[in-house]
Amino acid sequence: MQDVEEFRAQVRGWLADNLAGEFAALKGLGGPGREHEAFEERRAWNQRLAAAGLTCLGWPEEHGGRGLSTAHRVAFYEEYARADAPDKVNHFGEELLGPTLIAFGTPQQQRRFLPRIRDVTELWCQGYSEPGAGSDLASVATTAELDGDQWVINGQKVWTSLAHLSQWCFVLARTEKGSQRHAGLSYLLVPLDQPGVQIRPIVQITGTAEFNEVFFDDARTDADLVVGAPGDGWRVAMATLTFERGVSTLGQQIVYARELSNLVELARRTAAADDPLIRERLTRAWTGLRAMRSYALATMEGPAVEQPGQDNVSKLLWANWHRNLGELAMDVIGKPGMTMPDGEFDEWQRLYLFTRADTIYGGSNEIQRNIIAERVLGLPREAKG
């Protein structure tokens, strides 16, 4: 396997050579709340990364990946952030569904989908949350019934990121009549370009519309496009969520580090850094980011079997940190941040508005704390009613 520092130098050189010309204007684009920015141009950039073998770094070589270590992948994310490269467009495919198919998919599913994920020719979205099943995902009500050699799907998903730009969706649906909670769920791969699927973008407080409602009205997918066994969807879905931690989480933190660095520069430029309270909060933000990095590295380098509560602690750490950063940004800007939309501070106003949801989506803080309390600390269940 290639030496990590040699690989780092290779990535740095490739980015310097390729993030130029037509792609130079993409620097810094994309990211949370900004997925719409130059989407097709970023997709073309993502395809150039794939052609250079700089996607799917952790996938096994037999599945089209590089089979690289955690240290190599960390080095890639660090160099990618240092180059201010644009956010990639196929996170759900490369980081979530791909590893899930490698772990649970049939050989036919792997041959059908993994090359198209790797080459960024098919984009995916995640069909988990519903109007009545957000943080409490086990309350999923979307149904799928077998009709000959196809599943017939009915129901609604919500807060589905980038569904309007995706070709496929991995959907958690109830396939056993009368089942409740975690039982009777299946993990289906569903094409979105069909008459039975309607996608409605949701305009957010930021004015953008990355999230969507997705309606399934007798939508269909082939019977063999269930990942894992029918009825075992909860286990597969939870495995998918674990792939969001580790290197993927660390990559997210590197983006956060770039945001913090830009905010420090803004504080210097506006003289907000002269305020000792602002300086203290910037320092606390830096130490919090280092703590998250240490935690992410510890979980990646720890036991192969995931320890209970790791994902929940990670979610609490980054959600609170990023929301606090949005609040700090508004305090650095001061009054102009409240009265001058679409101006010099637009980027920071948008960050503040978007981060209000960080402690809600992906499992609210309250749900995360309940899980830690009940499943890790062994405390009594929360009283209901």
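Note that Cβ sites are derived from N, Cα and C of the backbone, with glycine treated the same way.
These numbers come from a predicted model, not from an experiment.
Among the candidates Ser161, Ser179, the residue that Swiss-Prot names alongside Gln126, Gly127, Tyr128, Ser129, Ser364, Asn365, Glu366 for the FAD site is Ser161.
Counted within 10 Å of its Cβ, the other Cβ atoms near Tyr128 (FAD binding site) come to 22, all protein chains included. The DSSP secondary structure for Gly127 (FAD binding site) is strand. Over all protein chains present, the Cβ of Ser129 (FAD binding site) has 23 other Cβ atoms lying within 10 Å.
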